[in-house]
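Copied over from Swiss-Prot:
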COMPBIAS  22-40  compositional bias 'Pro residues'
LIPID     2  N-myristoyl glycine
REGION    1-43  region 'Disordered'
REGION    159-281  region 'DAR2 domain'
REGION    368-388  region 'Disordered'
ZN_FING   319-358  zinc finger
């Protein structure tokens, strides 16, 4: 009987030992890369306070990592997913014994998804520019009115032009342009068109013959200074055709199908004096109409025949960004030629503003200027870059 009682007591004691709760796992060793942050002053001075604010350990910890309440934010809709976990740089989650109010600084390794969104690469379209040869070029800054010495009150039209081939110049008053680039004089009975043949040459000067000038006193101010954009009638138009006169294709030349440059101008009154202002210049090449645009700074990039010291040290020839390479890229639509192609390719990924006027950039036009022979008819080979 004693043996049975003894064995029963041992069995009960053995069963009690089997149901004893296992002790909690020891805390992980601290990270060697970053020291734990210091405790607050009041906790260091009073350890009892630290024990009071320490949360009771959870016997069933959640296997999913819980972000500190002061750190986690709900990501906005459409945010990029988090990058893969980096086992070399990340630190283990804080032990439940640690206070969440002072999470380790290394927890910043878990980035907020909104800051990881990469900037989209701008869409860039490359197009080849068209090279056009302009055989006749009227220098629009030279277009002016001169008083007729033999006929007081009348004014003669004069200008300077360059021509690489022979051709014909026509001056039309109150001209209207048709679809095939043909100019029609709307007041031909009062001011008939003036036509003059020319030979090839540079720096040629045109001037109306005496007695054929315009008398502004016979016209109303509304007719002279009316906006040409409203009526599509320009008070003055000059058409320079690059076509030999008297050839077998004379009828084709009169139809306007030959290469030509058209300069359209209006009259303006400045301090009682009537002056000419050029509105636009048009190129008609192989049946296609092109409108010429000024490029600011292209004159500084053309290497002329003058090799003087002042020209060699001209600071306007270099790129405004690197200050070393020559300018060969124009910003559109402001038309500032101010950069080299290398800086332009880098700049378009950083900003969409012109370095000169800070206007938005729509296209970058690279122009390779072959040289300047003094004619002003330089041709260019370039590439346009469209950025959206």
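Here the Cβ of each residue, glycine as well, is placed from N, Cα and C on the backbone.
Break the zinc finger (319-358) down by DSSP state and the numbers are 7 helix, 10 strand, 23 coil. Per-residue pLDDT, averaged over the region 'DAR2 domain' (159-281), rounds to 83.
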